[in-house]
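Per TrEMBL, the feature active site, nucleophile maps to Cys90. Here TrEMBL flags His189, Glu191 as active site. Annotation source TrEMBL lists domain 'Glutamine amidotransferase' at 15-198.
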Amino acid sequence: MQSRVWTLKRIKIAILDYEVGNHASVKACLDKLGFIVQITSDVSEIKVCDLLIMPGVGAFPVAIQSLAKKNLNNFLKEWVLDGRPLFGICLGMQLFANSSTEIAFHEGLGFIQGNVTQLSNHNDFHIGWNQLSIREANSFLSEFDGLDFYFNHSFAYDNNSDVSLASTKYVREFPSIVKHGQVIGVQFHPEKSQNVGKEFFSKIVKELVNGF
């Protein structure tokens, strides 16, 4: 156990500060898991980290404009092209899409193919606990099949099975985990999902840092 903890503590994680999101709660969760974590928008600090996380609570257009304002768009594209691991949570995941129709049409970062649309025409918010349905091909996540995680959103990826590792149903079925290369996004909040969220975080961090 001591050897395992030592290994985890060597993993450096940067949480991207782009003025949107619940950075502190994500950091607190990762701190408890023994990772070295910092919240930053300093590119030089991010480059020496093993993993970059984009949390997110808020509106898509505000977030995408904030990234542009901080000149982080090109850096993120270079990060992904270099095969560096990137993990997005909730709105952070949605920013990976090609586009979103939240408030109006907006282009996304285009890291994971798909478009973000409203769950329904009735402004339904998906708030609370719901299950993951893991695709059988994704054995590294099979232990989380049928388990409940905490969600809080009204927009989601369209149902693109080519990039979906797991799905969840609320009003409609939507991808709750998406992946392309070393980029993974989750629609739920692992940092708010108690013990199962911590287990998921630990699993995903190790998989991303060690390579799939």
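Cβ from N, Cα, C; glycine included.
A quick note: this is a predicted structure, and the numbers were derived from the prediction, not measured.
Around the Cβ of Glu191 (active site), 25 further Cβ atoms fall within 10 Å across all displayed protein chains. For Cys90 (active site, nucleophile), the number of other Cβ atoms no farther than 10 Å from its own Cβ, over all displayed protein chains, is 28. Here His189 (active site) comes close to Asn22, Ile89, Cys90, Phe149, Tyr150, Phe151, Asn152, Gly197: these same-chain residues lie at least six apart in sequence, with C-beta atoms under 8 angstroms from its C-beta.
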